[in-house]
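Feature list (source: TrEMBL):
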- 80-142: domain 'Galactose-1-phosphate uridyl transferase N-terminal' (DOMAIN)
- 139: active site, tele-UMP-histidine intermediate (ACT_SITE)
Ligand SMILES: [Zn+2]
């Protein structure tokens, strides 16, 4: 009952009853909170961050628009922080499409860089303390893991079986159904569609799916990224307008290692607002209790988006 896995300085333990992995990261307990005037991600404090691994150069000072650094409080040695802007108050919701496109391209670059010997690389962005972030400077994280979780394996099985049965990607049929129904669609862009899922995991959860199906987000070509960036930016702006800058986790779901070219998988983005803490029933059953219908959530978000697309 003590199955463990060591990987690049990190440790995972297997939960024999729950049937999934736990990541042990005692070093993360020492993470600092926000320190006024001493943000380690702001320009001028570059010496406070660990080794830089990548940057998107920018004109003038500070000479970069995005930069990736090793995570000082890492899950393993394959865990980076992507500092999304030199500006402490920058956010996707108030950014330009070009800036968000640069961010998505940075995710692609760092995903490719960290996936050499990982089973999967997870890209996520925590905003607000209720979403688990310790620093308010805008940043996302890229973390390699040596295993696939049971939850991810289950998703892969559902998508593969659907494809075997129908010859179509699961996500394609899901999107066709959502566009036909319409009442859960938040925003339909040229290359990406945002919708509230039929059975959400959280109030105001929004998923963004591409209209062109591809397993590997890192392989999305340059000409498709701006439309994805546009939909992501506008949906986050609508969430901010409706809910007043809510805490959320933004998660990129993309192909695990070795499955980048399979026809049954589709990458997608999940925005999981943190409006309420999971309570006893959720912990007892693993089943979320959702107090806002996704059809109502979509309608309320659409009201902020107008007809501009
Ligand atoms: Zn800062």
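Even glycines carry a Cβ here, placed using N, Cα and C.
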Within the predicted model, mean pLDDT of the domain 'Galactose-1-phosphate uridyl transferase N-terminal' (80-142): 94
Neighbour tally for the residue listed as 'active site, tele-UMP-histidine intermediate', based on other Cβ positions within 10 Å of its Cβ: 22
